[in-house]
């Protein structure tokens, strides 16, 4: 998605060979026009799959998932990272390790919202080592829901998450795949092959 790639180049900041900061438009401040186009793009990719729910994780997955849900006219469920006083039992849970924050979180979704007859699109802002996506897939599995794929805004193609999911036969659609962040420069997958 060219608009997204341009935004990454213009506003993204490479903090290291593995860390890309995009907080000016995706995971702190959100660019609604960009998110609308992200939603439209994912809707095009998954429109004919019969999706009944979109499953994401708080908090940075919520904006792209919501815009996709709006385009597909389906509800969005977000897994919580912290226990809520109103969300105590009757939960699907999974353990997710964050390499960025170096912490492990138990994520949870109420059993009231995810069911065996649901057809689910899993979404997140980033795919790096795949831990968040695997946690969301585990929750969908516990619900006995059918997963049609994983939608990712930015995939770090140089990390193992995308390969790990694809090797399991999971359809992964990423709007931008970053092949390298070396030398402080963002290189996308298509550019690396030229």
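Any Cβ shown, glycine's included, is placed from N, Cα and C.
Listed in Swiss-Prot:
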BINDING   20, 27, 156  xanthine binding site
BINDING   128, 129, 130, 131, 132  5-phospho-alpha-D-ribose 1-diphosphate binding site
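Sequence features, as recorded in Swiss-Prot, placed on the structure.
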residue: 20; record: xanthine binding site; Cβ contacts under 8 Å, 6 or more apart: 8, 12, 13, 14, 154, 156, 178, 181, 186
residue: 27; record: xanthine binding site; Cβ contacts under 8 Å, 6 or more apart: 59, 60, 125, 126
residue: 128; record: 5-phospho-alpha-D-ribose 1-diphosphate binding site; Cβ contacts under 8 Å, 6 or more apart: 18, 99, 100, 156, 159, 161
residue: 129; record: 5-phospho-alpha-D-ribose 1-diphosphate binding site; Cβ contacts under 8 Å, 6 or more apart: 99, 159, 160, 161
residue: 130; record: 5-phospho-alpha-D-ribose 1-diphosphate binding site; Cβ contacts under 8 Å, 6 or more apart: 160, 161, 162, 164, 165
residue: 131; record: 5-phospho-alpha-D-ribose 1-diphosphate binding site; Cβ contacts under 8 Å, 6 or more apart: 96, 97, 98, 99, 161
residue: 132; record: 5-phospho-alpha-D-ribose 1-diphosphate binding site; Cβ contacts under 8 Å, 6 or more apart: 57, 61, 96, 98, 124
Near-site residues: 5-phospho-alpha-D-ribose 1-diphosphate, ref 128, 129, 130, 131, 132, CB cutoff 8 A to centroid:
97, 99, 127, 133, 134, 159, 161
So around the xanthine site, 20, 27, 156 aside, which residues have their CB within 8 A of the centroid of those CB atoms?
12, 19, 21, 22, 26, 125, 126, 128, 154, 178
